[in-house]
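Peer 1: After the structure tokens below, expect a handful of questions from me.
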Amino acid sequence: MEFKFGGSAENQKTVLGHPAGLFVLFFTEMWERFSFYGMRALLVLFLVSTLIDGGWDWSRADALVLYGWYTGLVYLTPIIGGFIADKFMGYRNAVVLGALIMTLGHGSMALEGLTSIFFYIGLSLLIIGNGFFKPNISSMVGQLYKNHGKEKDSGYTIFYMGINAGAFLGILLCGYIGENIGWHYGFGLAGIFMFLGMLQFYFTQKIFGRIGLSPKQTQDFDDVIEDSVEKIGEDIEEVIEEAESSGVVRDRMIVIGVFSIFVIFFWWAFEQAGGSMTVFAADYTDRALVGSAALTFKIVNTIITVVPMLVITWVLVMLFKQTFQNYAFANVLLGLSFVIIWGIVIWMLNREFQSDATEVPASWFSVLNSLFIILFAPLFSKIWESKLNPSGPVKFAIGLLLVGFGFGVLAYGAAGIPDGAKTASVSLMFLVVAYFLHTMGELCVSPVGLSYVSKLAPVKFVSLMFGIWFTANFFANLLGGFTGSYIDPISEEYGLTTFFLIFTIIPISAALIMLLLNPMLKRMMHGIE
Ligand code: GLN
């Protein structure tokens, strides 16, 4: 029988028109990103807080350097994890192994109070685990779809919503618990969900059929397979593929390389979010909540927390409907993680309502990014499916333009601040608008990029090519941290506006170059849309 989607017969059941397996990957990735973004939110805060508050009393500069290395290295290991999975262990084993290593990493970080070595061991395990996890789960998404059509793009966009649901909850909850209850609770919390997420994936993996098995297992399977028609079809496909001049393969790999280089400019600017944009939020904006503003903020905060929670819980229920029969245990584990998370959310919101907050926390702005993604991803996915769908390089150019415009808004907002001022009270709307533009840019670049890598990469090296795609983030995050750390000297000498203009001009220039390259790149993609 010819299946519409890749994977088992079970995977042909759909949720929102996509194969059920997409949502298994959605939730596994959601918990992993919860871990990554949760740690990212806590790292600098923990390091710079005083010994009395349980921190390490580091200088801001030192903490930002470690932050840069951590957020950079997690994106360097995928090239190794991708290669190992393509060649030897298969995507599924790699995802499970990676999740297990990351769970141990959280366990180790939670013991940071005993000796600081545990903290470093924990961070190293997270970096290694991510290398096995991230490129391989990204490859599996693409293999759920049999053709390279628009369905795959929209599959990646849904997956991207899972990424951001995890990021959103991780930043919100790990941040809150780490800061208010105790750092190691924050570090450990993510480990619990990572572990449940891993078990959920492990016990549901049969749904993927042959997708993600090791090259060796795939071979054995081929030997016994009875469905010879399918086999012949595949053989023909392989022959055609090989017959395709190696030039096509080479051209497409070059396009992935070009995308990976341009995306460095994007993330370099975008990732100022965790660094200089947070400094701007903390020291230069008016976050005071006077009069009724405090209550308004609490209500807004409750709505933006509960609504995404309801949406993902609804997705969870739809997945259960399709898979409970065959994967009851895995579903129970996943359900358990949701019960815990709802409990924490309700406890936190209740606690917040009782507090007498006088200002918006500086870290609050960073959840806007994931929130905007969850809200607007469906719209973008519709645009890509419509007649308005621009070519890949044009999408990249739009993304770069938007991130540049976002910094243009910040440059404008900072214009009234005297050179070298240490504080100011600029309206926080500038930050909200900047985050909005950056997120719209991200939607033009990041999920789209995943989909293009999946379409352009030769079948045998999909994960390795994802590794290369993620390596761009290594350079971007490291350089971004480095550039961001110059915020003080640059604003003393030339003003904060000049500092933000750097991040305006460079991405816009990169966008213009991308537009010039568009016709050539389109040709080199050889029919991939
Ligand atoms: N926000 C996305 C994720 O966490 C993309 C990150 C990136 O590629 N820099 O997966």
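Here the Cβ of each residue, glycine as well, is placed from N, Cα and C on the backbone.
This is the feature table in TrEMBL:
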type: TRANSMEM; residues: 34-52; note: transmembrane segment
type: TRANSMEM; residues: 64-84; note: transmembrane segment
type: TRANSMEM; residues: 117-137; note: transmembrane segment
type: TRANSMEM; residues: 158-178; note: transmembrane segment
type: TRANSMEM; residues: 184-203; note: transmembrane segment
type: TRANSMEM; residues: 253-270; note: transmembrane segment
type: TRANSMEM; residues: 327-350; note: transmembrane segment
type: TRANSMEM; residues: 362-384; note: transmembrane segment
type: TRANSMEM; residues: 396-415; note: transmembrane segment
type: TRANSMEM; residues: 427-450; note: transmembrane segment
type: TRANSMEM; residues: 462-482; note: transmembrane segment
type: TRANSMEM; residues: 494-517; note: transmembrane segment
Peer 1: Which sequence positions outside the transmembrane segment (253-270), separated from its termini by at least 6 residues, show Cβ-Cβ distances below 8 Å to it?
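Peer 2: For the transmembrane segment (253-270), the nonlocal Cβ contacts are 392, 396, 399-400, 403-404, 407, 438, 441-442, 445, 449, 452-453, 456-458, 465, 468-469, 471-473, 475-477, 479-480, 483, 503, 506-507, 510, 513-514, 517, 521, 524-525.
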Peer 1: Determine which recorded stretch among 64-84, 184-203, 327-350, 396-415, 427-450 has the most C-beta pairs below 8 angstroms with the transmembrane segment (34-52).
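Peer 2: Top-ranked stretch among 64-84, 184-203, 327-350, 396-415, 427-450: 184-203.
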Peer 1: I'd like to know if the transmembrane segment (362-384) touches the transmembrane segment (64-84) in this structure, counting it as a touch only when three or more C-beta pairs sit under 8 Å and are separated by 6 or more positions.
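Peer 2: Contact absent: fewer than 3 Cβ pairs fall under 8 Å.
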Peer 1: So which of 158-178, 362-384, 462-482, 494-517 has the most C-beta pairs under 8 Å when paired with the transmembrane segment (117-137)?
Peer 2: 462-482
Peer 1: May I ask which of the stretches 158-178, 327-350, 396-415, 427-450, 494-517 has the most CB pairs under 8 A with the transmembrane segment (462-482)?
Peer 2: 427-450
Peer 1: At a C-beta cut-off of under 8 Å, are there same-chain residues at least 6 beyond the transmembrane segment (362-384) that contact it? List them, or none.
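Peer 2: Sequence-distant neighbours of the transmembrane segment (362-384): 37, 41, 45, 150, 153-154, 157-158, 160-161, 163-165, 167-168, 171-172, 175, 273-274, 277-278, 281-282, 287, 301, 304, 308, 311, 428, 431-432, 435-436, 438-440, 442-444, 447-448.
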Peer 1: By Cβ distance under 8 Å, which residues at least 6 away from the ends of the transmembrane segment (327-350) in the same chain are close to it?
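Peer 2: Here the qualifying positions are 27, 31, 169, 172-173, 176-177, 192-193, 196-197, 199-204, 207, 301-302, 305-306, 309, 313, 316, 319-320.
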